[in-house]
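Asker: I'd like to ask you about the structure that follows.
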Amino acid sequence: MLPYGLGRKSYCGNTGAVPWQQAKCYAYSSQSDTEKDEDFEVDWVLLYDFKDIELHHAIDEYHTLIRDIEAFGLETEVRHGYGTAVLVLVRIPRNKLGNEVYRSRVKDWLFGIVHVRPLGDSSTVVDAETPSEEIRSIFHLVTWTKEQGGAGVTANFGQWEHITASFAPHAWSANKRLLKQLAAKTILGMDDLDQIKALFGEKVAFYYAFIQAYSLFLIAPATCGSLFWLFSTSYSVSFGALTCIWGIVFVEWWKRRETDLSIRWNVKGVGALKVNRVQYKWEREEVDSVTGEVKKVFPAHKRLIRQLLFLPFAALAGLALGGMLVVTFCIEAIISDVYGSQLEEYWAVQYLPTIILAISLPYITDALTLVAKRLSEHENHRTNDEYELAQVQKAFILNFVTSFLPLILTAYIYVPYGSKLLPKLMPNSWQSHISVSDFRIDTHRLQEEVISLSMAGQFMNFGEEFVLPYLKRRLSALHRAYQESKEATSLHQRMHSEFTKTLLVDAPQEHSLLSRLRSEADAEPYDVQEDIMEMCVQFGYLAMFGVVYPLMPLGFLINNWIELRGDFFKLIHECQRPPPIRSDSIGPSVSALEFLTWLGTLSTAALVHMYSGDFSQVRLSRLLLTIFLAEQAYLATKLTVRFMFDKIGSEAVRKEEASRRLVRKRYLETFSEEAAGTSRRQRAHTYTGHKRSAPTTPTEAEKRELFPIYEVEESVETRQEYRTEKAERFWNERKETMSTADAGVRLIVALKGMQASNNAEGADKSKWI
């Protein structure tokens, strides 16, 4: 498979586009002959790591893997990886891949994702219109179970638990060109989003569409916030109201933007196509009374019981974090509030507890998220969408606890009641050295906490996402270079057969490709939901505490400009290429945005009421009344904004509805003409008294007239195999000497022997392989 965007062909989007839509072509410049031959049509890569298993077990597993893949009709090649691992390279025959693309389009039509019917039959072969469409079909052929029409190879699960990586190769030249293009632009256009969608699929494209739209919307609060920072006082009622209205308008607008993009990319309602997860464990089978399909069912009440396990986990996590925050506040009280005057020259010491807290929170969140993933697996969800929903809900709760709980405690407990509560919470040994009268709680403490946790948190996330992975990969590369030098010496000392030595050393023409594939196999899988959740947390900071620090939206705007390009850099350089799973939205994070908008309105109203005037004059009854009125204002504003957007409508939705009516009208006219002709023939038979003839089977021409098709017709001819001379040699040259299964066994034995010689001195180095 050639890297897309590198001269293979021009890809035109809008598969099965309706008449009003103009197909968007992704035409990329042609590449040099060297670039064109680099990947040798490698469609998929599996990394088989046999470090922790016995030699005979590794050989048996490898034989089973190659047998299953080749029995399904796919081509395989094997090359050595890093350490005790081999790369199993998979190529899909062009006819098989083209037929899977066609079957996928037919399924889209059957489930109403597209309105047009692809021409052809069960043996039709078509070209994919975008790289992501082709890679998605490859992903299905390799990973889907045999019952679903795939080879059944799922990494890190079941009998394939030693397959530690499964991915499609990156299109390096296309990625670099697109990164350069994004870096040169201030604002991404639809063409840029279409290209991201063409390379990485709709789910990834929706994230970049979201962060782009969110960043543009940030311009308004960033401008207003800067003005309020310069010319107004803190906790401004006007800025708080503008922030709340801004959040409501953005969320409502984004939901309609999602609909427009899903129509443009032909993925509206695509959730109906999801298949069962291979990890799903069903208990019984039921027959659907409507469709007659057999469904595999796991009782809902059992899943509910398992889901309830998350509640005590979240409660314990909240209590543990709350306890850690109390300790932090106590230390800060001693340092800043009691000894603040004595430590004015050492201002950094006053902020040390907060800095430690800000640094540790991302790692605490990561640890809690790992536990949440195990709980989600235990809940036994049927589809990946259901599993993702459960995981995003847990991740949001954990991020809420770790990101917002410190600020909530500071705003509503520490600052108002800290002078009374902290002395009671301190150990007696501390109180003996500190007088209660020494406590003085500074109301600016909340602003300091907001700045440190929100703004500094962005820098911490940047370092965690980009700097640490880069340093880790560089150190790993240096370590591997050292190990490879030792293995090269061991290779000369060991008595391998000549063919085994050729397996252990890359051919010159393959070295560039294999080096990239080994690096990608060693990279982390990309999870777009983590990036989306990061933006949701940022939105939450602004919605709930933006009124505390009006420059927050400006900082977020600058951060997001860097974040968008940094995330794309991370995607192409630090992560494996994600399977282009289709989606018609950013997923359950939309609900999180709505919740944060509601909670942000209440929080903003409460903060303005408590901190804009004399703190001693705050009464609980008035505070509750303020919160109640703020909620009513939120509901009224939301309904008004939603009504206005509904009145304005969407051009994409109007065109889609017009297209649907046009298709149905043409069908109705065709059926009406056919019915009228049948009626006339029946009347003629009745009046003449002749015996009515049986209806004949319609011809192909009559079928085409009866079922009109509006899409551009696709070729139903068998697609020719695409092979360069280098690719043909790559996939066939070694097979003339030895099969992939036998070559892999030799590699496994050789690498195991080298591992043993590195781990123990005096190992037998005279063994022939």
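Every residue, even glycine, has its Cβ placed from backbone N, Cα and C.
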Asker: With the ranges 235-254, 355-374 to choose from, which does TrEMBL describe as transmembrane segment?
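Answerer: Checked against TrEMBL: transmembrane segment maps to 235-254.
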Asker: Provide the three-state DSSP residue tally for the domain 'Anoctamin alpha-beta plait' (41-163): helix first, then strand, then coil.
Answerer: 50 helix, 20 strand, 53 coil
Asker: So what's near the transmembrane segment (205-229) in sequence-distant terms, Cβ-Cβ under 8 Å and 6+ beyond its ends?
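Answerer: Result: 187-188, 192-194, 196-197, 236, 238-239, 242-243, 246, 250, 253-254, 257-258, 261, 265, 528, 531-532, 535, 539, 542, 546, 550-554, 556-557, 560-561, 563-564, 567-568, 583, 585-586.
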